[in-house]
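To keep things clear, I will list the structure first and then write my remarks on it.
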Amino acid sequence: MSDNNVEKEAGPPQESSPVVDSQEPEKRKREYKDFGHEEEGPTHAKIQLKAEDLYDKEKVDLETIVVDDVFKLLQTDENGLTTEEAQRRLEIFGPNRLEAEEQNPFLQFLSFMWNPLSWVMEAAALVAIALSNGEGRAPDWEDFVGIVLLLFINSAIGFYEERNAGNAVKALMDSLAPKAKVKRDGKWQEIESAELVPGDMISFKIGDIVPADSRLTEAINVSIDQAALTGESLPQSKKTGDQCFSGSTCKQGEAEGVVISTGPNTFFGRAASLVGQDDDTTGHLQKILAQIGSFCLVAIGIFVIAEIFVLYAGFRYRYRRGLDNILVLLIGGIPIAMPTVLSVTLAVGAQQLAKYKAIVTRITAIEELAAVTILCSDKTGTLTTNKLTIDRNTVRTYGPFSAEDVILLAAYASRTENQDAIDQCVVGALGDTARARAGIKLLDFKPFNPVDKRTEITYREEATGKLKRVTKGMTGIIIELCTRNKTEEIENRLEADVEEFAQRGLRALAVAYEEVDGDDPEGEGNGFELIGLLAIFDPPREDTKQTIDDAMALGVKVKMVTGDQLAIAKETGRRLGLGDHMYPAKVLKEGPSPDSKFRSLDDMILDADGFAGVFPEHKYEIVKRLQGLGHLCAMTGDGANDAPALSRANVGIAVEGATDAARGAADIVLTEPGLSTIVHAIRGSRIIFQRMRNYSIYACAVTIRIVVCFAILAFAFKFDFPPFMILIVALLNDGTIMTLSVDRVLPSSTPDSWDLAEIFAYAVAYGIYLTLSTIALVAIAIRTTWFFDAFGVTLTNGATSAAGNHNDPQLHMVVYLQVAIISQALIFITRSHSFFFMERPSFALMFAFGLAQLVSSIIAAYGDWGFTQIHSISGGWIGIVWVWNIVWFLPLDLVKFGMKATIIKYLRERHIKALAKETAEGVPIVRTQSRVASINESLYRNRVSFIRRAARKVGFGQKVSVRPEELQRFSSIQAARTGATLARHPSRTAQAA
């Protein structure tokens, strides 16, 4: 029998449990017998029935519709569809995928102007154009146009960056488009799965994902893993006429089938629609934005109210003059660019992560990833290679053969084509797979089957012409076959070796050998002799140990979460340096034993290095409990049933090769295997977090600086700064600050978190210090003649003092230049942890800052705009302002260090004490918020996710679970409904007939 022919008759894969292998066929027979599948033959569907009639078993037994009727219903045959007919059906049924919502570009652009901070600016624009009428003066068109322009510039920058990042990420996502082998025009070809239509003939083999719901027309030893859909833990054998569902994986054999349903009409599509849609709820960053926004709005509100009382009630200002002062606070105090800057920072970060083959599907997950303290990772394929390997260091020999000889003879007893996982790893251990058949002539081959639990080869050795036979398989089976060296000593050694392998989580594969007398391949041999024991395991990836070390150095604890056996998990943990404090999943239900060192299940979960025998519902429980202990948790997953845990985790990560459902539920999708991508993403997210934190301190400080400064100037000197010049300051600031999205920063070595008390404390300190710098300048110019006497400068009309006119146009320009320069320079203080000159900024930030200062100085030197009460100043004044700002800028680092040593130190110590108290009392750190707070935060939510998550997904705690006979029934209903749709849309060929 040829090697190729034998392999088509192969049984289930060798790595399956022996007990399961032997019992599964009987179990399935009993199951079918209960429903009469074997007692009654298949019936023909009454094709004239309506689709709804097919639910009535009195009219038609849906479970037994034969494949011939499926062909009739779908108006197709075994030659498949023509290209023209397939295109027609694609228009009828739509693409074979769950459709994602497309973001309207115009609405995406406008969404940047829809948050409370923008509303204040929009209100200021209305004040400038509507409320400023009166006193015989025209509306304030200049301020109105300036405010609208500022809003549009911010929105345009944010829109452009997000679209760019979205396109980069989408291009990477498109590379994941699955392929399908389909017969069109009578020829087999490969197309994208999205182009499949009902009636297509498809083909798939071992390792392929079933591209659409189908009925099998040919099946050769087919075993399908439906765990991602139905939760069945073991692959199911399939025969001709059975149904296969989209998203399931072919574990063995090869098959052809006819597509009966696609896209949202598939089993998964229907089931997912029951669970509901992702509502893009408010995330962690939106809550932070809301709190920062509230801080700024409260600060502005306090001083606006103060100005209303002081200027109108106290100073008896006329309507328009007081309104201009209020506009200064509204325009200058609002960090209008904050949502855009943070959004652009995240968008640029998403592009950078895409270079590491990580697709960000929820942009704010980048910020949450920076704060992750625990990463729960799958073992298979993420920590390990997902490729069984012979462990050469542990090969045991019992006869005259060396370890290399044992591996070679085991490879002889393995298939070289259409291999299962065991045969593949044994042959692969040779290095050159051609050696598995070199120097021998295959005479007979017996593949693995659930009864014998071994493979066997009879071959002629070409060098000597002798017939020889080798078998490999389960240890108990092989030792029973052996007769030549089966001594008590050998059996004791074998038992000890197998026990050692089991304790280490290694699978044992025994190999035996005999010689055959004569030329009859089926003749008796001289008796099998046990020659060796191979250890098979799934080895760690080459980079995994270093990656785990890197993650731990970043303060992230890695926990292994695997469905494999406990012994295998412990062995992998030891090899990776993760530790072997592993527990079986049952402890999540039973809790720690009475004699355990753990007081509670939460203590055990926190201490554990990993869990074995885990199902998707266990993942959900682990994440939920870790979050309850105050940790931000990332979870990896690959199946549809992992969706609840991926959704529950602060950051859900779909690993390479994950199902569409897992990708839909995840926040980050990996397109390369391994854990290193995740650690790159953590490091990248912390860089992005630092950029956002630096900007947040800056934005709040500028708000305090503008609001407090100009309110005090108005109260103390009746100083009326022109609103238009504040617009210029804001515009130049925003242009410079946008470059923070690509600034050079050092990532934190520990998980980041938003400590808003620190941010606000720094902001108040910096803001008050900068306020003093401006008030001192104005006070000296108004109360003294020092500037005029010492430097020979003058004001309007040669005035040598501002005492007579506090609102001199040139004094306005001096204040404008001073505020513009030192406010922007503050960013170099907030972005550095040490002295500002110790941490080099990016070229983009330096260039933008230099350009903005050049523009500000040119405006100061040549700006002569009568409508806004300013006048150009001399070079002397420009020099005075620059020197003044440098003198005030240098001590800013001392302010930072003073804050760290006093107030920030106190805040951190208080936070640590509160954290310890809450942990001791078992109070969850994340508390439920009021509805009002939730509504406030939702106003900041990101409405522009690059790739909408799959519109429907299998979600929180709900597992699709359907009995086999119901699956059969469902597939018949699908076929009938598809047939009814085709009947309503007949092809021209059918109409002609």
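Cβ atoms here come from the backbone N, Cα and C positions, even for glycine.
Keep in mind it's a predicted model, so treat the numbers as computed, not measured.
Straight from TrEMBL, the features:
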COMPBIAS  1-10  compositional bias 'Basic and acidic residues'
REGION    1-43  region 'Disordered'
COMPBIAS  24-43  compositional bias 'Basic and acidic residues'
DOMAIN    61-133  domain 'Cation-transporting P-type ATPase N-terminal'
TRANSMEM  292-314  transmembrane segment
TRANSMEM  326-348  transmembrane segment
TRANSMEM  695-717  transmembrane segment
TRANSMEM  723-747  transmembrane segment
TRANSMEM  759-782  transmembrane segment
TRANSMEM  842-863  transmembrane segment
TRANSMEM  875-895  transmembrane segment
Contact call for the transmembrane segment (695-717) and the transmembrane segment (842-863): at least 3 Cβ pairs under 8 Å, seq gap 6+: no
Mean per-residue pLDDT computed across the domain 'Cation-transporting P-type ATPase N-terminal' (61-133): 77
Result, the transmembrane segment (842-863) in contact with the transmembrane segment (723-747) (3+ CB pairs under 8 Å): yes
Any contact, the transmembrane segment (842-863) to the transmembrane segment (875-895), with at least 3 Cβ pairs under 8 A: yes
Cβ-Cβ under 8 Å with the transmembrane segment (326-348): same-chain residues at least 6 beyond its ends: 112, 115, 117-118, 120-121, 123-124, 127-128, 140, 143, 147, 150-151, 154-155, 157-158, 161-162, 164-166, 285, 289, 292-293, 296, 299-300, 303-304, 307-308, 363-364, 366-367, 688, 691-692, 695-696, 699-700, 702-703, 706-707, 710-711, 721-723, 726-727, 729-730, 733-734, 737-738, 740-742, 940, 942, 944
DSSP residue counts for the domain 'Cation-transporting P-type ATPase N-terminal' (61-133), split into helix, strand and coil: 44 helix, 2 strand, 27 coil
